[in-house]
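Lifted from TrEMBL, the feature list:
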DOMAIN    E:115-393  domain 'NADH:quinone oxidoreductase/Mrp antiporter transmembrane'
TRANSMEM  E:6-29  transmembrane segment
TRANSMEM  E:36-57  transmembrane segment
TRANSMEM  E:69-88  transmembrane segment
TRANSMEM  E:120-138  transmembrane segment
TRANSMEM  E:150-170  transmembrane segment
TRANSMEM  E:182-202  transmembrane segment
TRANSMEM  E:223-245  transmembrane segment
TRANSMEM  E:251-272  transmembrane segment
TRANSMEM  E:281-301  transmembrane segment
TRANSMEM  E:348-369  transmembrane segment
TRANSMEM  E:381-405  transmembrane segment
TRANSMEM  E:426-452  transmembrane segment
Amino acid sequence: MTGSDLIGMMILAAGLFAIGVFGVLARRGIMFQLIALEVALSGPALGFVAAGAYHADPQGQGMFILVLTLAAAEVAVGLALFLRIRRTAGSDDSDIISGMKG
Amino acid sequence: MSLLLAIYAGAFALVSGAIAVTRPNAVHALLYLVVLLLALAVAFFALGAAYAAVLLIMIYAGAIVVLFVFVVMTMPVSPESVTRERASLRGAWPLPLLLSVLILAPFVFGEFGVAGTSAAAPVSAQEVGRLLFGPWALAIELASLLLLAGLIGVRHIGRSDRTPRSRP
Amino acid sequence: MASLLPFVPVPALIGFLVLSLMPVALSRTVVIALGVGAAVLPAILFAPVAVSCLEGGCVAGAAVPILSIDVGVFVAQIAMSLDPLSMVTGGTVALVAALVLIYSGAYMASEPLPDLRRYFALMNLFLAGMLAVVFAADVILLFLGWETIGLCSFMLIAFYTKLPKAVSAGRKALITTRVADAFLLAGLMMLFLSAGTTRLDGMLAAVPAMDPWRLAPIAGLIALGALGKSAQFPFHTWLPSAMAGPTPVSALLHSATMVAAGVILLARLAPLFAAAPEISAMVAMLGILTAAAGALIALIQTDVKKLLAFSTMSQIGFMVLALGLGAPAVALAHFAIHAAFKSLLFLSAGVMSHASGGSTAIEALRGARYRQPWAFWSFAIGAASLAGLPVITAGWYSKEAVLAAVWSSGPCGVPLWLLAATAAMLTGAYAFRVVFVAGSQSADLAAPPWGGAAVMVPLGVLTFVAVVGGLSVGALIGFTGGAPEHIPLLPTLLGAAAPILGVVLARQLVRHPRELERVAHRLRHVRAFRIEILYYYYFVRRFRTIATVLGNADGTEAAAQAAALRRESIDAPGLAADDPLGRAFGGEAAQPDFIARATDGQTPVVRLVSGDPVGRILIVVARVFVGSFVARFSPDQIDRGWMGFAGSFGHAWEQARRLQTGRVRDHSLWIALGCAALLLYAWGTSWR
Amino acid sequence: MALIALILLPAVGGLIAFFIAGQGERERWVAIATFALMLVLLVAIVAGAPEGRWYAQVSYPWVPSFGISLDFAMDGLSASLIAISAGLGIISVMASWSEIRTQSGLFHASLCWTVAATIGVFLSFDLLIFAFFWEAMLVPAFTLIAVWGHGDREGAALKFLIFNAVAGFGLLAAAFALASMADHMTFNAFELAEMKLSTSVQVWMLLGFSLAFLVKLSVPPFHAWLPEAHTLAPTAGSILLAGVLLKTGAYGLFRFAPMLFPQGLAAVSPYGIALGAAGALYGGLVACGQNDAKRLVAYTSIAHMSIVLMGIAAGVHYALAGAAVEMIAHSFSASALFLLIGALYERTHTRDLRQLGGLQQIAPRFAAAFALFCSALLALPGTANFVGEALVVVGIFQVNWVFALLALSTLIVSVIYATRLLKGLVFGQPRPNAPLADLNWREYWPVLVMSLATLVIGLYPQSLLALLEPAIKAALVLPLP
Amino acid sequence: MTAAQFAALSPLVVLAIAAVAAMMLVPLARIEAAQAAAGAGLALAAGLVLLRVGAPAAPLGALFTDDGLARFGIAYACLASLGALIFLRTGVPAKEAPALLVLVALGAATLAGAGHAATLFLGIEIVSLSLIALFAFRLSRQGLEAAYKFLVMSGLASSALLLGVALIYAETGALDFVGWTGHGALAALGTALLLAGLAFKFSLAPFHMWTPDAFEASPASAAALAGVVSKAAVAIVLLRLFLTAHLPEPVWSSGLAALGAASVLVGNLLALRQPQLPRMLGYSTIAHSGYIALILASGAPRAAEAVLFYLGVYAPAMLGALCVSAALGRAPTLYDLHGLIKRRPLEAIALSLSLLSLAGLPAAGGFIGKLYLLHVLVDRGLWLLLAIVVAGASLGFFYYARFFTAPFLGQSHDEAEPLPRVDQGLLALCVILIVLFGVAPVVLIDVVRLALP
């Protein structure tokens, strides 16, 4: 694996992150934002694995596992919040829940 | 060869990601997310990180996306939400796109001076395991506590509403 | 006996302290006794000092050191001078003050008790301050006294505190003199810095060594200060309105003593001015200008106190003229004589107006000769002295000395003399105008006479001085170090004729208007070249026209402007709204019948509204200044600027909090923005 | 240690007053006792002072790693200002006896703490300790205005706080910059004064210091906080603000500007004089247009403090002596006027000159006191203010006669506003047209004391000047022009 | 594992056990039991750390550093969390809060010792996830809103952080801070993203948007955890990065300076006329983060000492203010504070003193903190940053002063029930500490010196 390959993987990772960011910014539905977050998180995952492969270092995969943990925990909490908000606010539109401002 | 595959798979993941975040229907979006994850797993394989690839499929595609699907199933997608998403996407895409491009631009146009070639040998699953249960034991313990925090949080947020609320 | 000198002002000061600060109620008698006694004691204390001085105890420049204060920065030496100059001036002040206060013991007796107490306290403080000015041999004592009398003047002019006019007049006096005082202070400071001592003799000793470029501004500043206190052009506007105070106050402060303080100062610093000839010339010019203009304006006054005020201006103008021409001794002689006859005039006018219902309008005095013959006659004697009727009055001697000094003062002497002589003639005219009016018959003679020893004694003494004092003029001049000028006979005779001409003119002016009509009628129908007709045609009518134009300020442009400004600047803060510079020169609040009489059928001579065109212009200028400049400062613009600046943050807050929309998308947008900015920056730094 | 006790005494006194407040007037007496004890202590220190400039000195490390130590020293200037602070403290308590009815404990505590902090300012020779007290005095003073003031008191208090606290940054930044230039970290002014700095550096440092001092002095254009703070504060607050707090600005400038930045001060001297002259004229002219008596007096404070600035900036012996005397003279005259106007306000509930008048008839003691202190306002000879202003002007004549004439023109403006005040209050028709309670003893004696002080200093300034002379000499570092 | 290693890790172990125990007690006992368990765990952990003051550092590998800084951070986190526990009033009968609170403390403790990307990441996420649950703890609409906003933004920020770490890792091949010595463009981009991720947790502008909402909607002790505990932990991470890592220089310092300056201005400006006490505190904490970031960005020799001192004086002030806020019910406004001095004198004084300290006025510890800030800025000649600090602090005086006087003004609106003894004790302690640090800062400086090499 050459340096330029690594750069290519990193650009892909950044691309995934950027797409995730786009998703969060452009979407209103809570579910879609959570999905976009997952997309965004997959970027660093790819980055870690690629960098670990480049350096032949197991720590990259170790970090990937931690990212996975976070993704799981975050999705769980996020979905719980989604359900709760749907129950409380009666909507899954994130723009609706903007009571606090200023 | 394998690297070409990795890049191809990564690009595929990128495209599926782009599709996933632009679907107005949640189920479609989830399916593209799964495609993304699978493509990513392929890329991991190609990079020699078989352990990570398996884990990705098992946990991410297997557990997390299922969780999503489960929630989507309990709360069916309403037609209004589809039209709302479509409308919002149509109205609000330029600024987010601009920002995403701006975030990506330094990577695409950057002059990275990473030279040389790495060691050929890929990282084996044993090495990963040794790492995780050796020097990284603390991290794993903490990861469990991270999950514990998530667990308590979900337990609290997801509690049933019938609990009386008057008591302080 | 000279060691008594420092104690001369002390009784007056004690009188002030007792009357003002003692937290004990005093009865009316005690107050009067204290007030009068404290004012008489200085005169008594001064007598032995004067005697010892006359015995040869004092020479020019002698001084009694009192104390020397080491203030760290410099040593302030306080001293009192014991020279002929201070003897003459001090004697005059002490004597006139004693007499005026004795008089006021009767004159003011009917005032409410607290006011009476205040009156005597202030008068005593004034006396102390005036004596300090007179005896000061150092600038500190001098300026202390100088400002004290200024403050007392303010308080006493505004004595009738309920009258807005009086308070305004007081403020006007204080502000005007304060402007002059600032000049004086500047001059004294520069002099002090050049000489390095606070003693006047030390300062004068340093004069010859001084750079003329430094000397001229010093002399100029001091001269301006002195002229301001002496109500000389262009600072004269405060004096006429100062007549809002009680009559004894006018008699003491605004005629005899305080306004002459400038003369005393100039005389004391005569060597300084001798070294600065251009300043002396300026002083002389201002003096003659004031003398002439004051006389002219006095001629057209309808109020006797105003008339006397302008007359004071004019007479002090004579003194200043003499000073400017380098004859301080002559000026001092005229000061002493003038103090006597001017206070006499005020006091007797006060008696007359007292019997005329309190009005000081000249017309109100009609018939005073029959109501109060003794007051009338003493007024007449005073007027004669003021006019300077030859030989028999003291005024003639001193004024003649001034005229002589003018005549012999070099190339410009003759034109100046002519002007001065004209002024002397006008003096006679305005002085006797009152006498003739007061001497004529009047319908109501019922007013009771008013008098008593407290009134008679001062009047008597002053009358005596006004008549006999002339004999001492030569001695006075010699005593203070001058030499009487000897001039040709012609100017002497002409100078003697001027007052007589003036009396004749006065006679014509107070003739009944119907007589004037008759003359005019005759002028139209009878083609006869009679001297009388020519006189009327060319002189009286023209004079009346001029006087009307000058006096009837209501018709002039300046007055219109002033009125307009007044209307506009009602809201202008500070000076304009409360009119500190005094608004009107209207007479004392006369009783209706007198006003009616004064204006009824007396057109147009009597209706010459008392006015002072030059002063009015000054006031208009001041008002414009206030309206356009000071008013700008009333809302504190800097403060507003700051508050606007602070308020802009409130607006910024309003705008900024809109960014905090509360929507997740927008919040995330900022995160993306931050990431993008940081990444772009990092990208930028990685360029090689 | 006595100096530290001098600061601690009011601080502790304030705490006691705060905690024992309740029924009765205990806290008032505690405050009075505190100030009286301070005066006693001060007299004891001065009486037992050794020969030389310093009556007492103490140094005690505070934050050794920063080189901050409690360096306190007292000379004649400090002592006289401290005496005034304590005296005005007593007077403030007496003046607010009937005015303050709510939260009296906190009020008197704030009073004590304000005085404590100002005394800290007057004693400190460590720049950071100076800054500490400098900012510390803002808080209780802010409380005084914000809680017991009139009208839009919160706005006024905020203005006061923000102006002064922001300006304090200039002081702090300059102090740190100065300390960082020393070879070892120290904030001791004596040690810092030994440094040889270039003129331009000195000018920058001086500007930093001056920012704080000028705002506290309230020289235009930094004066905007003062009129409202003085006008809306309770009487005691106005007295302390005018009598003590303003003086800290003058004191700081007087003490530290020549000591630390002699060449810098010389370089900016003309600008300082010009600023002072402009400020004095501006303050006076604005004062002429005020209808609120207290506001008018507040603007006159601006004018007088600008004169102090001129004196210090001129830097010659006369001017410095004048500035020092003017500082003290102004404490008496302005405080007395605020006290009188406050007492009047309590009786009539107005301070509008157009609605008042004729005190001559209805309250002669008021009238006499007003007359005296208005005379002091217009710097009549015989009052302490004249000594100060005349010396300042003499000094400026030595430097530049144009500025001196400008300074003299302020005397002319002063007569306009002083007589306006007199006319509005003392003369005219009696308004309110009813008998007005004259000064009671709690107001009468302070006024009497301040009158005597004004007159004694005015007629016999020798003793005061002798007291101040060492400090003046120390500030006299500029070469004569 | 040696005894020394165990001793070094014992606080984390104790906290973990306490968290689990508090969780286990939820179905078994009343909330007081969970609180007691949490309190005991926190106190024990703090005690264990304090016992080891001065002990030699135990070799724990790259993941966790056992040095003075870590001990300071752990003790700080435990004690501050203990303070937050005292006024933990959630308003719902759910009993999970103490466990979550201990988890926050655990995350913060992890961060304090984090010398490696893994522990950094885990610490941050433990804190974040616990905080999400705590923000939503009332299950009110506002609480859920705040939690959701935090979740989404935290997810984005975590992604950024991770991507940044991945980039640095790609360049340097190291995940421990010591190994981060990259100078290439990858490392520069990585540093930028790392900074973004940390800035979010540190609530620096423009990553601050969650802070005021969280302060307003959540229980005050959750705000305290977010505003004090986690913030201090992130500050220590930043400090450790500053001390040990060699990140690409212009990006790190200038980025931190820019974020700090923006926070100072934005935080103070947005707080300017904010009528709600907790929301105002939220904005104010943004500004304080900005100050700390500026200290770090200055790179002055005393920056480390300054940061720790600032944190030290910041904790009692913020805790005191939030405790009072908690006692006054949900989201008290300026108006609610009126007359507080009559109703509850201790709270009024504590609030005023806290705000005084936050405003940086003397006799309160905040003044010395401000001195440190000015010192480091002047020391490095950063005049522009100094001007920004002055501008921000000037705005700060305005809103602090408004809240400062409110308790003394007006009439009280209602009669409040007396505060529990522990709360009173906490307030008294805060008052004492604020004044102590203001009058005798040497006490705290000595502690800080102990924590630094």
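Just so you know, glycine gets a Cβ as well, placed from its N, Cα and C.
The shown structure was predicted, so the numbers you read here are calculated from the model rather than taken from an experiment.
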With pairs restricted to those 6 or more apart in sequence, evaluate whether the transmembrane segment (E:348-369) and the transmembrane segment (E:426-452) have 3+ C-beta pairs under 8 Å.
yes
Let me spell it out: take the transmembrane segment (E:381-405), skip the flanking residues so only those 6+ beyond its ends count, and list any with a Cβ under 8 Å from a Cβ in it.
257, 260-261, 264-265, 267-269, 271-274, 277, 280, 284, 287, 290-291, 294, 297-298, 334, 337, 351-352, 355-356, 358-360, 370, 373-374
Return the stretch with the most CB pairs under 8 A relative to the transmembrane segment (E:223-245), choosing among E:6-29, E:150-170, E:182-202, E:251-272.
E:182-202
Apart from its near flanks, which chain residues at least 6 from the ends of the transmembrane segment (E:426-452) lie with a Cβ under 8 angstroms of it?
53-54, 68-69, 71-72, 83, 86-87, 304-305, 308-309, 312-313, 316-317, 319-320, 323-324, 346-347, 349-350, 353-354, 356-357, 362-368, 419
Same-chain residue ranges lying at least 6 outside the transmembrane segment (E:251-272) that approach it to Cβ under 8 Å:
188, 191-192, 195, 199, 203-208, 212, 238, 241, 280, 283-294, 296-299, 382, 385, 388-389, 391-393, 395-396, 398-399
At a C-beta cut-off of under 8 Å, are there same-chain residues at least 6 beyond the transmembrane segment (E:69-88) that contact it? List them, or none.
11, 15, 35, 38-39, 42-43, 45-46, 49-50, 52-53, 97-98, 101-102, 104-105, 108-109, 111-113, 219-222, 224-225, 228-229, 232-233, 236, 239-240, 243, 308, 311-312, 315, 319, 322-323, 326-327, 422-423, 425-426, 430, 447-448, 450-453
Residues of the same chain, at least six outside the transmembrane segment (E:281-301), with any C-beta under 8 angstroms of its C-beta?
199, 202-205, 208, 211-216, 223, 227, 231, 235, 238-239, 242, 253-254, 256-257, 259-268, 270-271, 274, 307, 310-311, 314, 318, 321-322, 325, 358, 369, 372-373, 375-377, 379-380, 382, 385, 389, 392, 396, 399-400
